Amino acid sequence: MKVLVLNGPNLGRLGTREPSVYGSTSYADLVALCEQAGRDLGVEVEVRQTDHEGEMVGWLHEAADASWPVVLNAGAWTHYSIAVRDAASQLTADLVELHISNVHKREPFRHTSYLSDIATAVMAGLGVAGYPLAIRWLAEKPGR
Ligand code: DQA
């Protein structure tokens, strides 16, 4: 089994980007955290990040065709991208929508998600620690 961890715009700047909101873990450290979770659990984990919506759409198509479960932090696209939603709707395995911050405690525009109603599960507010938890949940889900 392979878990694809997809990150949208600005998430490559983790560590320097608004550390009071997103913490001080760098994007490289986040990748290492996810890969370590994969090794601990015996599943392949691939982590990607893009600032380009079309690239994200293509990765979701790839995951749909391969039946890979996806952990998706779509960043700002969460709140307005019908294109990312339409691509995520085609997934053929589980989708975990993830946010580092608790979006519900933040500005009202972050309370809207175009993903939550098509996701298997939603995680928000656990910091980067949410990623290995999501990977663990997918890896240990009965039936896998
Ligand atoms: C985010 C929350 C979004 O509102 C924001 O646009 C992001 C990151 C989070 O991980 O908390 O880029 O998805």
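Including glycine, each Cβ sits where the backbone N, Cα and C put it.
Automatic prediction, not curation, is the source of TrEMBL annotations.
According to DSSP, Tyr22 (active site, proton acceptor) is assigned to a helical segment. Around Tyr22 (active site, proton acceptor), the C-beta neighbours below 8 angstroms that are at least 6 residues distant in the chain are Leu14, Ile100, Ser101, Gly127. Taken from TrEMBL, the feature active site, proton acceptor covers Tyr22.
Taken from TrEMBL, the feature active site, proton donor covers His99. For His99 (active site, proton donor), the same-chain residues lying six or more positions away in sequence with a CB closer than 8 A to its CB are Asn73, Thr78, Met123, Ala124, Gly125, Gly130.
Here TrEMBL flags Asn73, His79, Asp86, Ile100, Ser101, Arg110 as substrate binding site. Taking all protein chains in view, 16 other C-beta atoms sit within 10 angstroms of the C-beta of His79 (substrate binding site).
Sequence-distant contacts (6 or more apart, same chain, Cβ under 8 Å) of Arg17 (site 'Transition state stabilizer') comprise Asn10. If you look up TrEMBL, you'll see Arg17 marked as site 'Transition state stabilizer'.
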Which listed residue (Asn73, Ser101) has most other Cβ within 10 Å, given these are binding-site residues: Asn73
Contacting recorded positions for ligand 1, chosen from Arg17, His99, Ile100, Ser101 when the Cβ sits under 6 angstroms of any of its atoms: His99, Ile100, Ser101
For Asp86 (substrate binding site), the number of other Cβ atoms found within 10 Å of its own Cβ: 13
Largest inter-residue Cα distance among Asn73, His79, Asp86, Ile100, Ser101, Arg110 [record-listed substrate binders, Å]: 24
